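Read through the structure below, which is laid out as structure tokens, and then see the notes.
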Amino acid sequence: MNAKIIALLIIGGGLGALTRYYISGVLPVYKDFPIGTLIVNSLASFLLGYIYGLLFSGFDISPEWRIFLGTGFCGGLSTFSTFSYETFSLLREGEIWLAFANITTNILVTIFLVFLGFILARR
């Protein structure tokens, strides 16, 4: 790994993390449901699907941009660990149905948004 790749990852990941921090801070928790985490994971999933859709349709995205946007920005924007902790917290608080809704919603929505981004990019 060279210095250019490291810089792209640091900058992309940092911008993604700042975006996640801002979005999560602006959005309130909706009736104990961690909506901010769902939104940042959804945005990252859609963007990553869109990037790969462009690649599969023959759009030329340089390896540097793929690293910056995909691994860096989308990696910094999304957060599996926060999703896991929030689900654990809901379970610990006895909110079994909210925990189940959090798991189901995050997984189904993010997979669908990868698919949607992929399809929209290929049009």
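Placement of Cβ uses the backbone N, Cα and C atoms for every residue, glycine included.
Feature annotations, reproduced from Swiss-Prot:
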TRANSMEM  5-25  transmembrane segment
TRANSMEM  35-55  transmembrane segment
TRANSMEM  67-87  transmembrane segment
BINDING   GLY75, SER78  Na(+) binding site
TRANSMEM  100-120  transmembrane segment
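Contact between the transmembrane segment (5-25) and the transmembrane segment (100-120) is not supported: fewer than 3 Cβ pairs lie under 8 Å, counting only residues 6 or more apart in sequence. Sequence-distant contacts of GLY75 (Na(+) binding site), defined by Cβ-Cβ distance under 8 angstroms and a gap of at least six in the same chain, are GLY12, GLY13, GLY16, ALA44. In the three-state DSSP reading, GLY75 (Na(+) binding site) counts as helix.
Within 10 Å of the C-beta atom of SER78 (Na(+) binding site) sit 23 other C-beta atoms, taking all shown protein chains into account.
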